[in-house]
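**Student:** Feature list, courtesy of Swiss-Prot:
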- 4, 179, 180, 181, 203, 204: purine D-ribonucleoside binding site (BINDING)
- 20, 24, 43, 87, 88, 89, 90: phosphate binding site (BINDING)
- 204: active site, proton donor (ACT_SITE)
- 217: site 'Important for catalytic activity' (SITE)
């Protein structure tokens, strides 16, 4: 057991899907995995291990933001020897051609978080996806008839920004979408020499102001889940 994850040795698979919402983790386990067993309920952050097409896979909620995700990723890697981490979550579109429910695969993640500034003594680090997982996800999406958008995203620490137009600068430089975790995930994956990828579904658009409901975000954004499960090793 680790501090925040109550699993015993060998209860977590080498590939873990990482939704921010623990209820989404529960939904995925109940609707996609066979023989799913709950290994964690600490702080209500559900974790399950089961099988998808014969492959052993875990799904672990992380909570919102880089600090919360970093706790779970550190413990999954260092206490449970996890090798493949696939974040599945929602994002806000920053581009007019990226619509609600589109799939975004994060090739890299810019960030306004200070966490890497502190880690790298004020210098800039470029958090980047595992090419192995990225290529597999892109190829699988195309095979499934899903056209993903692939590129740089923004990981932000601020959900409610005092400047409602701050996103426009990032959009000008081609950033596809905004969320709150990926830069932390990719940095830790690089630090510990494991593979990580983020696959996102667009839940709202900063360009048009459109948005989906909370219930829809929890239960119907399943193309990203299918892609993630299909590339699990």
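Placement of Cβ uses the backbone N, Cα and C atoms for every residue, glycine included.
The model shown is predicted, which means the values in this text are computed figures rather than measured ones.
Could you give the neighbours, burial and distances for every feature on this list?
**Tutor:** Within the same chain, residues at least 6 positions away in sequence whose Cβ sits under 8 Å from that of residue 180 (purine D-ribonucleoside binding site) are 20, 64, 65, 66, 155, 156, 157, 159.
Of all Cβ atoms in the protein chains displayed, 18 besides its own lie within 10 Å of the Cβ of residue 204 (purine D-ribonucleoside binding site).
DSSP gives residue 217 (site 'Important for catalytic activity') a helix state.
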**Student:** Which recorded positions from the set 4, 179, 204, 217 come within 10 angstroms of residue 88 (phosphate binding site), judged by C-alpha positions?
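**Tutor:** Of everything listed, nothing lies within 10 Å of residue 88 (phosphate binding site) (Cα to Cα).
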**Student:** Test of understanding: give the count of other CB atoms lying within 10 angstroms of the CB of residue 4 (purine D-ribonucleoside binding site).
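**Tutor:** Taking every protein chain into account, the count is 17.
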**Student:** For residue 24 (phosphate binding site), which of the listed recorded positions (181, 204, 217) have their CA atom within 10 A of its CA?
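**Tutor:** Cα filter at 10 Å returns 217.
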**Student:** Nearest to residue 217 (site 'Important for catalytic activity') in three-dimensional space, by Cα, is which of the binding-site residues 4, 43, 87, 89, 179?
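**Tutor:** Result for residue 217 (site 'Important for catalytic activity'): the nearest of the binding-site residues is 89.
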